[in-house]
Each structure stands twice: as C-alpha cells, then as structure tokens.
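Structure in structure tokens, see below.
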C-alpha cells in the first residue's frame with residue numbers, strides 16, 4: 001500500500017526534523033525519513049553536540065588543572081576517566097535524540113527509518129534492509145546534510161585515519177594527533193585532545209586559521225592555541241602519507257622545505273560535501289553543480305517546483321541553525337506565510353577556549369564593499385566581570401557604517417562569546433545602529449558591557465578605552 005502525505009522530509013537532522021515538526025504543527029500530514037539508526041542527523045549524533053560535550057568536559061578539567069590554585073581551589077590527583085567521559089557524551093546525545101522522538105509523537109510527525117530514493121517526481125521508495133515502502137507526497141523537502149571530505153591517499157578507517165566522526169569516538173587518547181585542516185572542526189578537536197594530553201599538530205594550507213573569520217580574530221586565536229601547547233603549521237601542504245601499523249608518517253611542505261611528522265592518529269578535517277548519494281536525483285531531473293550542491297531559487301525550490309532543498313545540500317555556510325531556519329521558511333511558505341532569511345544575521349561560533357563568534361561582515365568584507373566604516377574594539381582584560389572570573393583573554397570588535405551608524409559586523413573572541421554574539425545577531429537582523437548599542441544599559445558587572453564599550457569607542461565616546 002502506498003501512503004500519501006502533504007509533505008515528505010528526507011533527512012532528520014536540524015534542518016529536516018525542525019521542518020517536519022513545524023509542518024505538522026501547521027496542519028500538514030508529514031513524514032520524516034532518515035537512514036540513520038537515530039534521529040538528529042550529523043549535528044546531534046556525530047557533530048555539534050558530542051563535540052561540544054567533550055569540549056566542555058575537557059575545558060573544565062584543563063581549567064581546574066592549570067588555574068585551580070589561582071582560584072584558591074586545591075585539588076590533588078586530578079585526572080580524566082576517558083571511558084566515563086565518552087559515556088557522558090553518549091548520554092547527552094541519547095537524551096536529545098529521545099527528545100526529538102517525543103516531539104515527533106507530540107506533533108504527529110510520522111518517522112520512517114530507511115534510505116529514500118526517487119521513483120518519480122512525487123514518489124519515494126524507502127528501503128530498510130529487505131523492507132521497502134513507497135511514499136507519495138505533494139511536496140518533498142530534501143535535507144540530507146553533508147559528509148566529511150576525505151583525501152585520496154588517506155581514506156578513513158575511523159581508527160588511525162579519522163574524520164570528525166572517528167575523532168569523537170576514539171577508544172583511547174592518542175599520544176600524538178595530527179590534524180589536517182585548521183578550520184572550525186580542526187581547531188575544536190585539536191583543543192579537546194590537547195587538553196587530554198595528546199601532542200597535537202595542526203597542518204593548514206592557508207596562511208591563517210579559520211580563514212573565513214575576521215583577520216583580527218584569526219590572528220588572536222593562533223596565538224592562544226600556540227600558548228596552550230598546540231603546534232600549528234600554516235601555509236603548509238601535505239605531500240605524501242605512509243601508513244604504518246602503529247603510526248602514520250606525513251611529509252609536509254612549508255616554505256619550500258620538506259619535513260616528516262608522525263602521529264598515531266590523523267584527523268582529516270578539510271571540509272564537508274553535500275550528501276546526495278542514493279537519492280536518484282537524475283530520475284526527477286534535478287542536477288547538482290560542480291561543488292555537489294543542489295541549485296535552488298529564493299524559495300529553496302529545485303528545478304522541480306514542488307521539491308525543495310535546504311541546509312548543507314545548497315550553497316552557503318554549513319551550519320545547523322541555518323538549516324533549521326531554512327526548513328521553517330520552506331514550510332511556512334507552503335502555508336502562505338512569506339518570510340526571508342537575512343544571511344548576514346546568521347552567527348558562526350568556534351568553541352575553543354576562549355570561544356570565537358562572528359556575525360555579519362568582517363572588516364575586510366565591509367571594506368571591499370566600498371563603505372566608509374566605523375570600528376570599535378574593547379578588550380576583556382579591562383572588564384570587571386572578566387577580572388572576577390579570570391577570563392581576560394580576547395576582545396569585542398564592532399564594525400559599522402559611518403553614514404548611517406548601522407552595525408555591519410560583530411566579532412568576539414573571549415569567554416561566552418557564543419552567548420554574547422546573540423546581541424549582534426539581533427542588531428543586524430533588526431538593523432540596529434551603533435548609537436542604539438551604545439545607549440543600551442548593560443548590567444554590571446557583566447561581559448556584555450564590552451559590547452556597549454566597543455560601540456562607544458566606534459562613536460569616539462569610549463569611557464574605559
């Protein structure tokens with residue numbers, strides 16, 4: 001028997017499951033299909049959530065170990081139980097997966113486990129082992145996400161040569177970890193294992209870490225990670241790899257000089273690519289571009305107007321919260337509620353210590369647009385709350401347009417940057433200007449006072465600068 005739905009969502013990650021719930025809430029008969037054993041996609045199962053859990057636990061350990069005595073906290077024989085650390089990570093993930101399942105049940109979303117492929121423009125075949133279902137839908141939303149990009153001479157075995165998935169599930173802490181790629185995933189996982197005692201080396205082709213972020217943040221992050229004991233090789237290419245039973249030897253080139261480095265585990269974190277395998281897009285005339293993305297219009301419609309694609313499947317930054325908002329936008333558009341997404345108002349966060357967060361334009365991007373700029377920077381070392389908590393590393397940088405005063409970008413490196421960036425996100429979304437930020441009263445003592453001070457500095461009115 002063929003089941004018929006208003007909307008079939010393929011993929012139960014942050015884009016797909018959120019869209020499915022919102023669709024059901026708006027009265028659409030909705031099914032969500034995913035081939036994983038568990039809901040939540042890459043983000044929840046092997047991405048954002050497990051990595052942030054490990055980052056938090058290891059940061060707590062590292063802080064107590066290195067700065068406990070400064071806080072008059074005396075701890076003897078402090079150590080990490082790696083097995084229990086991983087168990088805690090799994091429990092956090094398990095609880096959130098169960099939460100999505102409850103939300104599906106509460107809102108009437110039908111969940112079907114299996115791998116979906118198109119039979120025709122309105123029909124999906126869903127295969128789970130030997131069992132096959134056919135699903136017909138008026139509308140189909142593709143939200144299958146992305147997968148880690150491997151290197152030709154370093155195929156993943158998830159033990160010695162690992163993607164982020166393997167790095168989050170190692171059985172033991174490797175004595176030496178080589179990280180190929182100095183982007184967000186690379187620096188976060190490098191931080192985790194550095195805190196746990198690994199000797200960590202990051203190899204990055206670019207001349208700076210996290211090349212997409214504002215240069216000031218990137219340079220500061222480089223210095224911080226170096227100070228924490230992570231070796232970083234910038235402007236460096238990996239030339240060859242020799243896999244041996246107990247280690248991998250990489251030949252790298254830096255400044256036209258060749259060098260061999262070795263490690264028990266190599267993490268390849270050179271990016272991600274859209275995951276469209278098995279969908280049989282050709283059967284419905286949907287093409288992918290040279291980068292593997294599905295082209296869509298301003299309403300996320302593919303070449304088939306009733307088939308939509310969101311998140312990592314389409315061009316843009318690969319972020320869970322971006323995918324969620326796109327999913328909601330598609331569903332509400334189907335019900336006649338038109339809204340657009342301001343992509344400048346989508347924050348990006350790196351969960352190192354200190355955290356790094358950005359929203360809007362970098363200073364370089366704003367300068368290239370031809371606008372006359374105002375900039376203001378305030379350092380946490382002068383902030384009262386930062387002094388109280390001994391979290392004085394970093395700064396807040398604001399970029400505004402001189403003529404209108406409108407905020408164009410906010411860039412933070414410092415404690416709780418992931419939370420503070422919400423101020424900048426709202427300001428850019430609602431086109432709030434620097435004067436508004438400068439006149440907003442922040443509680444004292446709080447880290448958020450740095451935002452007010454940076455706005456005052458940009459306007460030439462700094463009190464503490």
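All positions are counted from 1 along the displayed chain.
Even glycines carry a Cβ here, placed using N, Cα and C.
Because the structure is a prediction, the values reported are computed rather than measured.
Okay, these came from TrEMBL:
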{"type": "ACT_SITE", "residues": "444", "note": "active site, proton acceptor"}
{"type": "BINDING", "residues": "52, 144, 145, 146, 312, 318, 319, 320, 321", "note": "FAD binding site"}
{"type": "BINDING", "residues": "181, 182, 183, 184, 185, 186, 187, 188, 204, 271", "note": "NAD(+) binding site"}
{"type": "DISULFID", "residues": "43-48", "note": "disulfide bond"}
{"type": "DOMAIN", "residues": "5-327", "note": "domain 'FAD/NAD(P)-binding'"}
{"type": "DOMAIN", "residues": "346-455", "note": "domain 'Pyridine nucleotide-disulphide oxidoreductase dimerisation'"}
Radius 10 Å, atoms counted are CB only; among the binding-site residues 204, 312, which position scores highest?
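That would be 312, with the highest Cβ count within 10 Å.
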Between the recorded positions 48, 181, 204, which lies closest to residue 319 (FAD binding site), Cα to Cα?
48
Which ones in the same chain are close to residue 43 (disulfide bond), with CB under 8 Å and 6+ residues apart in sequence?
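Spatial neighbours, sequence-distant, of residue 43 (disulfide bond): 13, 14, 49, 320.
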Write out the long-range same-chain contacts of residue 321 (FAD binding site), meaning residues 6 or more apart in sequence whose Cβ is under 8 Å from its Cβ.
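Correct list: 14, 346, 347.
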Which one of these binding-site residues, 145, 183, has the sparsest Cβ neighbourhood, judged by other Cβ atoms within 10 angstroms?
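Fewest other Cβ atoms within 10 Å, among the binding-site residues 145, 183, is found for 183.
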In whole Å, how far is residue 52 (FAD binding site) from residue 444 (active site, proton acceptor) when you measure between their Cα atoms?
29
So of 185, 187, 319, which of the binding-site residues has the fewest other Cβ atoms within 10 Å around its own Cβ?
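The binding-site residues 185, 187, 319 were compared, and 319 has the fewest Cβ atoms within 10 Å.
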Within 10 Å of the Cβ of residue 52 (FAD binding site), how many other Cβ atoms can you find? Include all protein chains, please.
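16, counting other Cβ atoms within 10 Å of residue 52 (FAD binding site).
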Specify the nearest of the binding-site residues 181, 183, 187, 204 to residue 52 (FAD binding site), where nearness means the distance between Cα atoms.
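Considering only the listed binding-site residues, the nearest one is 187.
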Name the one residue among 181, 183, 185, 312 whose Cα is closest in three-dimensional space to that of residue 48 (disulfide bond); these are the binding-site residues.
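Checking each of 181, 183, 185, 312 against residue 48 (disulfide bond), the shortest Cα distance is to 185.
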Could you state the CA-to-CA distance between residue 145 (FAD binding site) and residue 185 (NAD(+) binding site) to the nearest Å?
16
What count of other C-beta atoms do you get within 10 angstroms of the C-beta of residue 48 (disulfide bond), across all chains shown?
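Result for residue 48 (disulfide bond): 20 other Cβ atoms within 10 Å.
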